[in-house]
Each structure stands twice: as structure tokens, then as C-alpha cells.
Amino acid sequence: MSEITSPHRSGSVAVIGRPNVGKSTLTNALVGAKVSIVSNRPQTTRHRLLGIATFPEGQLVLVDTPGLHREQKRAMNRVMNRAARGSLEGVDAAVLVIEAGRWDEEDTLAFRVLSDAGVPVVLVVNKVDRLKDKTALFPFLAQVSEGRTFAAVHPVSALKRKGLDALVGDLLKLVPEAEAMFGEDEITDRSQRFLAGELVREQLMRQLGEELPYATTVEIERFAEDGALLRIGAVIWVEREGQKAIVIGKGGTRLKEIGGKARLQMERLFGAKVFLETWVRVREGWSDDEAALKAFGYE
């Protein structure tokens with residue numbers, strides 16, 4: 001008797017939610033590699049990117065997005081919201097990521113955007129490992145599901161990679177029978193040059209004060225292979241001279257630490273030795289300037 005095998009499935013899934021619920025951590029966990037930067041700060045993700053998760057049964061092309069939020073005053077906020085909404089075009093399904101024990105107005109906004117898109121939505125309740133009272137999860141799920149339709153509901157811990165197998169199984173059911181869109185060794189549609197800039201920005205988000213990271217962006221001026229060595233030149237842009245001094249730090253100590261930690265992350269991701277140079281420059285008001293945002297690669 002011949003063995004019956006399940007058909008191969010392949011499709012795209014948007015990962016949507018308010019800021020700081022763990023969308024990028026979930027994307028990285030499903031891909032099995034770091035394709036999206038993460039920090040404890042809201043709005044760490046500014047760009048839409050694809051994370052490619054390949055399994056024996058199929059392939060999920062995950063569209064990681066900036067967090068949907070109500071703030072629209074600054075150009076940067078508008079750009080990020082456009083990127084998040086635009087990620088729903090042509091996808092087969094979507095994941096709504098929320099935080100266990102919390103549902104607020106921005107979660108409602110995200111659900112409304114998904115409802116308007118008309119795609120199947122899987123609710124992922126992340127950070128369940130942080131719940132002190134695990135029995136509180138079930139009434140919370142009942143409350144969130146009341147009056148809302150989900151294709152499936154999955155409590156998970158993306159950070160600890162708990163509950164992901166069942167999630168993958170349900171997502172594969174929602175995408176069509178098709179051949180893989182990407183090769184098995186591909187993990188993202190973004191270039192190493194782009195990822196290098198993101199890894200520097202990740203360190204800015206982690207090492208600087210409360211507001212300053214949001215006034216910074218990173219531009220890769222040089223990315224070249226020199227034998228087995230990658231030579232990378234990164235410009236950190238800020239909006240004021242005072243911010244420049246803070247990023248550099250006394251005697252250049254903070255900039256050195258930012259560059260050193262970013263370099264180690266690059267070497268781990270790229271599998272090569274990296275020579276990284278960093279500079280800090282000022283462009284006043286760049287984060288509220290549509291032309292500047294476009295020049296820096298924001299969609």
C-alpha cells in the first residue's frame with residue numbers, strides 16, 4: 001500500500017498587533033532565526049519585512065509589521081501605520097498578536113483593520129509565561145472572543161517558543177496548496193545591508209534613554225566584502241547636536257558599546273567576521289519630514 005502524504009502548502013500571513021506585543025519575537029521564533037530586531041520599547045519595528053518559515057509540510061511567508069497605533073501627528077507614525085495596513089494586501093491569512101491579560105483600544109483598532117481586510121484571523125495570545133495566575137487566562141480568552149470571530153486561538157510564549165507547533169499547524173491549514181515561494185535556506189526578503197542597519201538601530205533602542213531612540217535612524221553607507229571580512233560603515237542620524245553628544249557618550253564610550261554589540265550580532269547572523277565603523281550625524285527634524293523618511297528607506 002502506498003503511503004498517503006499531505007499536500008504541500010505555501011502562503012503569506014500578516015503578523016498584526018499594537019506595539020510591543022511581541023510580533024517580531026514571534027516572527028523570529030517561527031523562522032528560527034533573527035530577521036526582525038527586538039527590544040522592550042514600543043515601535044521598535046519600523047519597516048515591513050518578510051520572515052520565511054519553512055517546514056516539511058509547507059512554507060509560511062510571515063509579513064512582520066510595525067505596531068498599529070493611534071498616534072498620527074508625526075510623519076514617522078503615519079509611515080509605520082501605512083506599512084502595517086499595507087501588509088494585508090494579498091495575504092492568505094493574518095495573525096493578531098495580543099498580550100495575555102490585556103486588551104486595549106489599540107488592540108480593538110488592530111482587530112477592526114483585520115476585519116475590514118476580510119482574511120481569516122488567528123488570535124495569538126502572547127506572553128502567557130508572564131501570567132502569575134494561569135487560571136485567569138481562560139476568562140480572558142472568553143472575554144476577547146465575545147463578539148469577535150477567529151479561525152483559531154493560540155496562547156503562546158514566543159520568547160520561550162512554547163505553543164508554536166500547534167499554531168504552525170493551524171496557519172498551514174489557512175494557506176493554499178502550493179509550491180514554496182522561497183528556497184529552504186532563505187529566511188527573509190531583506191538584504192544583509194538592510195539587516196546590518198537594523199542591528200545597529202536595535203542597540204540604539206536598547207542602550208539609549210526613553211525618548212532618544214525615536215529620534216535616531218541608521219543608514220548603511222558602505223557594505224563590502226573584503227575576502228572573508230565584511231566591511232560595514234553605518235551612519236547614525238539624530239535630530240539635534242545635543243542628541244549626537246549623548247549617542248557618542250563621554251570619550252566615545254557609548255558609541256563604541258553600540259557598535260561592538262551590533263557587530264557581534266552581525267557576525268552571528270551573517271556567519272562572517274565584520275569590521276564595523278560608526279558615525280553620528282545631525283539632520284534636524286528628519287522623523288517628521290516625509291522626504292527625509294523616503295530618503296532613509298521608509299515606505
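Here the Cβ of each residue, glycine as well, is placed from N, Cα and C on the backbone.
Per Swiss-Prot, the stretch carrying the note region 'G2' among 43-47, 188-192 is 43-47. Range 64-67 is the one annotated as region 'G3', of 56-59, 64-67, 160-163 (source: Swiss-Prot).
Listed ranges 17-24, 281-288; the one Swiss-Prot annotates as region 'G1' is 17-24. Between the stretches 10-13, 126-129, 210-213, Swiss-Prot puts its region 'G4' entry on 126-129. If you take the C-beta of Thr65 (GTP binding site) and look for same-chain residues 6 or more apart in sequence within under 8 angstroms, you find Ala14, Val15, Ile16, Lys23, Thr45, Arg48, Ala83, Ala84, Ser87. Taking a C-beta cut-off of under 8 Å and a sequence gap of six or more, Asn20 (GTP binding site) has these contacts in its own chain: Asn40, Arg41, Pro42, Gln43, Thr44, Gly67, Glu99. For the region 'G3' (64-67), residue counts in helix, strand and coil come to 0 helix, 1 strand, 3 coil, using DSSP.
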